[in-house]
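**Q** Take a look at what Swiss-Prot says about it:
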type	residues	note
BINDING	11-12, 38-41, 64-65, 84-88, S103, 152-156, N182	NAD(+) binding site
BINDING	T88, T128, N181, 191-192, 207-209, R216, N251, 274-278	substrate binding site
ACT_SITE	D129	active site, proton donor
ACT_SITE	E130	active site, proton acceptor
ACT_SITE	Y152	active site, proton acceptor
Amino acid sequence: MKILVTGGAGFIGSHFVTSLISGDIATPQPVTQVTVVDKLGYGGNLRNLAEASADPRFSFVRGDICDEGLIEGLMARHDTVAHFAAETHVDRSVVASGPFVASNLVGTQVLLDAALRHHIGRFLHVSTDEVYGSIDTGSWAEGHPLAPNSPYAASKAGSDLLALAYHQTHGMDVVVTRCSNNYGPRQFPEKMIPLFVTRLLDGLDVPVYGDGRNIRDWLHVSDHCRGLALALGAGRAGEVYHIGGGWEATNLELTEILLEACGAPASRISFVTDRKGHDRRYSLDYSKIAGELGYRPRVDFTDGIAETVAWYRANRSWWT
């Protein structure tokens, strides 16, 4: 398998690449080439790929997925695509949506067109539960209507639909995955867990939006990578698969866990004005990937948080 990984210097992408190279996740064929293309924006970091870069099968190309000439040349040398590259921060999308439309929608279109021309064997499109909006009770199944509430979520919903349309129109071998909120080492400190952990380690307060009762399901990045490998290897073309973590908590409950893990007092909580379009609750039903492909999350949340906090303690130079 010669796989092109877009956004592979980012948080989830770099964990996926490292797991591919190390053999920690199973693949349908032996991995003979792993090429990462990443523009190295604020969320991308070559240090995330230090382990993978020592392997002769690995190569890195700095570039933008919207660059048609670059993508055309790369696609010609690969037979599989794992598409992680995206602008992903809701707050940034509220302030300026243009980069999200460009990267998440137009960039995906550039990749799909090139993949179609070069008869790519499988195109794995990595997405998010945020495309569904908010759910008060129960959990979303894959067939639930999309109802994104932020520009970021809307751009991802559009890219999902575009990828699936290439399967319907052209018969392209596309699989879409949608995941819960990820956490783990090497996550850029704009997302809640690394933001709060790094602020607490620096002796600062942590900003909790609104009343703190928004609910999220949390997924360790290693579990996500295992789910992605299953979808890549055995998922049915044209299908969507949910990859969930199975651990829900309010933001306030999560904050209290992080305070304890970092040895900080409750006085470090600072309630701030809620953000625009803040979804109240996310919850994915991942019984489809469990039943078809045997996926189960393995990382206990308490253990995962302890590992994550320990990593940020030990790697201050990475985030300062």
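Using the three backbone atoms N, Cα and C, a Cβ is placed for every residue, glycine included.
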**Q** Fewest other Cβ atoms within 10 Å: which of the recorded positions D64, E130 wins that one? Let me know.
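**A** So among D64, E130, the recorded positions given, the one with the fewest Cβ atoms within 10 Å is D64.
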**Q** Taking only C-alpha atoms and a 10 A limit, tell me which of E130, R216, H278 are near Y152 (active site, proton acceptor). These are the recorded positions.
**A** E130
**Q** Only counting partners 6 or more residues apart, tell me which same-chain residues put their Cβ under 8 Å from the Cβ of V208 (substrate binding site).
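**A** In sequence order, N251, L252, T255, I269, S270, F271, V272 meet the Cβ cut-off.
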**Q** Cα-Cα separation of E130 (active site, proton acceptor) and M192 (substrate binding site), in Å?
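**A** E130 (active site, proton acceptor) to M192 (substrate binding site), Cα-Cα distance: 15 Å.
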**Q** Tell me whether F11 (NAD(+) binding site) sits in a helix, a strand or coil according to DSSP.
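**A** SS state of F11 (NAD(+) binding site) = helix.
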**Q** Here are some binding-site residues: A85, A153, M192. Which one has the most Cβ atoms within 10 Å of its Cβ?
**A** A85
**Q** Out of F11, T88, D129, which of these recorded positions is nearest R216 (substrate binding site) by C-alpha distance?
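**A** Nearest in space to R216 (substrate binding site), counting only the recorded positions, is D129.
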